[in-house]
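Chemist: Please read through the structure below; I'll follow up with questions.
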Protein chains: 2
Amino acid sequence: MTARDLIKNLSALPDGPVTVAGWVDTVRDQKKVQFVVLRDESGAVQLVNPRTTDADGAVVADEPATTISGLSQGTFVVATGELKHDERVKLGGIEIKLASLVVETASIPEAPIAADSGIDKRMDWRFLDLREPKHNLIFRIQTTFEHAMREYWIDNDFIEIHTPKLMASASESRAELFEVGYFETKAYLAQSPQFFKQMAQSAGFGKIFEVGPAFRADPSFTSRHATEFTSVDSEVSWIDSHEDVMKLHEDLIVAGFTAVKAKHGEQIKELFGIDIVVPSTPFPRIPLAEAKRIVAERGYEVPRHDDDMDPEGERQISAYVKEVFDHEFVFLTDYASSIRPFYHMRHADDATLTNSYDLIFNGVEISTGAQREHRIEVLEAQAREKGLDPEELEFYLDFFRYGVPPHGGFGMGLARVLMLMLHLSNLRETTYLFRGPTRLLP
Amino acid sequence: MTARDLIKNLSALPDGPVTVAGWVDTVRDQKKVQFVVLRDESGAVQLVNPRTTDADGAVVADEPATTISGLSQGTFVVATGELKHDERVKLGGIEIKLASLVVETASIPEAPIAADSGIDKRMDWRFLDLREPKHNLIFRIQTTFEHAMREYWIDNDFIEIHTPKLMASASESRAELFEVGYFETKAYLAQSPQFFKQMAQSAGFGKIFEVGPAFRADPSFTSRHATEFTSVDSEVSWIDSHEDVMKLHEDLIVAGFTAVKAKHGEQIKELFGIDIVVPSTPFPRIPLAEAKRIVAERGYEVPRHDDDMDPEGERQISAYVKEVFDHEFVFLTDYASSIRPFYHMRHADDATLTNSYDLIFNGVEISTGAQREHRIEVLEAQAREKGLDPEELEFYLDFFRYGVPPHGGFGMGLARVLMLMLHLSNLRETTYLFRGPTRLLP
């Protein structure tokens, strides 16, 4: 490896020789002194080079002065010099007096995007967009959030599974299905790991999790839909109802937020102006029917013919929960069977309602969870009622014919959680490389 | 949650009332006493029910006797009774004298597979196949192995990325590409995250990892190929050569094996008859040309017209390394440019060789790693030389036009590592749900 000091570690070092490596953020090429702000994955530091003058006081074209004069933004360099602590330097109170500067790879001089470029343009040049410290931080936060959930799962003896994304049939509605040419036949991209995480329950795995891609051929262009997204899934056996799933779910969220606040809280405050709040448990739980009444009382009638909530309704109920419970999360529970998939278990005493929930965070749905119907006769009847092709489902229904424990779980969109955590308005910002109906590049 | 005692915890409990839940493994329905072996995700325990007799000594058809007589293998039940420690009981020295037995979901009486079923049949009924403790253990090992690697990555400040699996072009050769209908156009499934993990280097992420699916439309039916597999990828900036990648790679393997041995070593010995060996570092490194000479000296001439090794050659060099270095791993290095992708960096003093390696474990290749070519002119020339369409690659080549540090990394097949760790002969055993040219189900 290139021997180098990470910029974030410099301030703790004594004055003396250091080597840093990274890319050029800005250059101020003045007559008597040159300044370069150099950035690496950990931070930014000012490099300074007082120009040499000859006996007549004229500037000499020596090194590294000439190299600095030719630097473009984005050029990757290795710089050595003397670290100096100096409180007057705005950028961290340190600077490096350059001894040498070696260009590793030069950048084309004209950057195709600027900080104020539109989001679509920025997505075209995502690799440059991600050099922005604020954007880089999003993926550090994601890393920490995921790892904290994984530690919870591991500590609680969950098994990690990797379910296939190539399927012979739809895993959810056939409406948003990508078709793949598959040798002599065709396959479909998994819209969720639903069937396969349930299979793990029949297989006696007990408790599982998966973090992986899911695909929806959804033609919409909203700020919160993508054709490919990272789905966080967990499923557990021997639950009594969806209440057990919600308990697991809120524990995971709390684990994730606690770790993010501890590791990145200060930087999030600095770059996003947000105080990360670790949510208290239990999260508020409101049956959907009651939520609709509350929202109506606030003057908003959900303009839908089915029993579902709509995005504005979700914002309204979130606002209510924030006011009344001072909470950013709310579980809306007991959705109508008519708007839930066939595999959601229905209430024992009212088949029009399901043992299910949506988790709303800062006004937007981030997850759906449920107890699954594990009784094969009931499951088959519900599938028929929803008009599904029993033949396509045979492989799935088999999971329930050889014994299966009661179980349930949830799927959660990772980019949505990050988007709402950081008060961003578009999940393009929290997706490494966004995929939408008209975007397959880069 | 159903209040229950995990079976693995029973032996540490005192005699007294317990509740267990799981599935029926075997039933011995004898005249005077009934035995049920019950299994959950953590182990197996014997339930015993002495039958009631009436005044004449005739057996009474009471509960739970009648229920037990009707039990099929696989049926999920909740059982309560008195735990008794008794050294004479083979299964763990404990048994549970039944008080009640409640059937949660009954299994169809005839199990479609048995322990000696062929692998294809077992894959048809994978959810039953995975109830086998040995098969379940594989995925616990996988969980531990992955988590240990992730802890290494997190401790060393790597960023986790989730790269898109939907692409506008091929990521590797166009030969094994799955095509997806994508709205008005078409997309391809990522054969590897290659381009996007390199993008992270240009984006200044420094060090990244990803564990996710990769897709190859490979029509072969070998024991070590799949059309979808879980790829373990890592990529780092500021390397000097592929040596730095190998160092990272062996550290990760050691972290994984250490954790697996500590957590599952005893059980692996018991169920697989294998002593997990944590490999010593550095792993042996042998340039490919030398490996071919060694193999030839052992009497095996690789029957290939190109410069590559073949599977038998890999077995031979592994046998040599085992004999000479007592090591299960070997890095074969410096593959010929002719058989490596255009993005591998070539030797500064010999363009016919690359800064690359394959990692061989117990005779089979599990990974390819390399330093990447980061100089745009060289990269473009190498792409042209390989006959690639520069237009399709434009988005990728752009990553190198705005500055990029030297970098490298590897991709590793997770199921292969597990297969070879456990001395299994087929990666269908170590894949949760295998996908091959004729298998899309379950």
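Positions of Cβ are set from backbone N, Cα and C atoms, glycine also.
Since we're looking at a predicted model, the values are computed, not measured.
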Chemist: Please state which member of B:GLU172, B:GLU179, B:GLU323, B:GLU328 TrEMBL lists alongside B:ARG216, B:THR368, B:ARG372 for binding L-aspartate.
Modeler: B:GLU172
Chemist: Can you tell which of B:GLU301, B:GLU312, B:GLU314, B:GLU365 TrEMBL lists as binding ATP with B:GLY413, B:LEU414, B:ALA415, B:ARG416?
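Modeler: The record-listed residue among the candidates is B:GLU365.
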Chemist: Which one of these stretches, B:122-125, B:194-197, B:438-441, shows up in TrEMBL as region 'Aspartate'?
Modeler: B:194-197
Chemist: In the region 'Aspartate' (B:194-197), how many residues does DSSP call helix, how many strand, and how many coil?
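Modeler: DSSP classes over the region 'Aspartate' (B:194-197) add up to 4 helix, 0 strand, 0 coil.
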Chemist: Give the sequence-ordered set of same-chain residues, not counting B:GLU365, B:GLY413, B:LEU414, B:ALA415, B:ARG416, with Cβ within 8 Å of the centre of the Cβ atoms defining the ATP site.
Modeler: B:ARG224, B:PHE229, B:ILE366, B:SER367, B:MET412, B:VAL417, B:LEU418, B:MET419, B:LEU427
Chemist: Taking the Cα atoms as reference points, how far is B:ARG416 (ATP binding site) from B:THR368 (L-aspartate binding site) in Å?
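Modeler: Between the alpha carbons of B:ARG416 (ATP binding site) and B:THR368 (L-aspartate binding site) there are 13 Å.
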Chemist: In three-state terms from DSSP, label B:GLU172 (L-aspartate binding site) for me.
Modeler: coil
Chemist: Summarise the model's confidence over the region 'Aspartate' (B:194-197) as a mean pLDDT value.
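Modeler: For the region 'Aspartate' (B:194-197), the model's average pLDDT rounds to 98.
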Chemist: Hey, what's the widest CA-to-CA gap across B:GLU365, B:GLY413, B:LEU414, B:ALA415, B:ARG416, the ATP contacts in the record, in Å?
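Modeler: Pairwise Cα check on B:GLU365, B:GLY413, B:LEU414, B:ALA415, B:ARG416 gives a maximum of 12 Å.
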Chemist: Using only C-alpha positions, which one of B:GLU172, B:ARG216, B:THR368, B:ARG372 is spatially nearest B:LEU414 (ATP binding site)? These are the binding-site residues in the record.
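Modeler: Checked the binding-site residues B:GLU172, B:ARG216, B:THR368, B:ARG372; minimum Cα distance to B:LEU414 (ATP binding site) goes to B:THR368.
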Chemist: Relative to the Cα of B:GLY413 (ATP binding site), which of the binding-site residues B:GLU172, B:ARG216, B:THR368, B:ARG372 has the closest Cα?
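Modeler: Going through B:GLU172, B:ARG216, B:THR368, B:ARG372 one by one, the Cα closest to that of B:GLY413 (ATP binding site) is B:THR368.
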